[in-house]
C-alpha cells in the first residue's frame, strides 16, 4: 500500500471537503509507540467510557505484517475513562494490527511506547 499524505487526499477531493463529507482531523493527537507512520484498511469503532468492544475487536487478527488493519476509535473525547491501555495495545501488536487512532483517553503510556515497533 502506497503512502498518501493528507494534503494529497485533500487536493484530490476538494468537492468532498467543501461539502463537509471529508474532513481532516484537528492536530490534537499525540503519537505513542515507536511507529510514526502506518497504513491499512480502516476499522471504525464508537464507544463511550467502556472498552469491552475495543478488547473484543483487537482479539481479531489485524490481517498483516505491517500492512494490517488500522483501528480508528471515537471514545467521545471522554476524560473520565481510559478506553485504551497497554494490554489491548500489546494484543493488537501480536495480532498484526498496523496501528490505532484514538479520540479519548489512554493509560499505560510507557507500555504503549514500547509497542508497535515492527
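Cβ coordinates come from backbone N, Cα and C, glycine included.
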Based on TrEMBL, name the residue from 35, 107 that is recorded for the same substrate site as 85, 86, 87, 88.
107
In whole Å, note down how far the CA of residue 108 (Mg(2+) binding site) lies from the CA of residue 88 (substrate binding site).
10
Between residue 87 (substrate binding site) and residue 108 (Mg(2+) binding site), what is the CA-CA distance rounded to a whole number of Å?
9
Residue 88 (substrate binding site) CB neighbourhood, other CB atoms within 10 A:
23
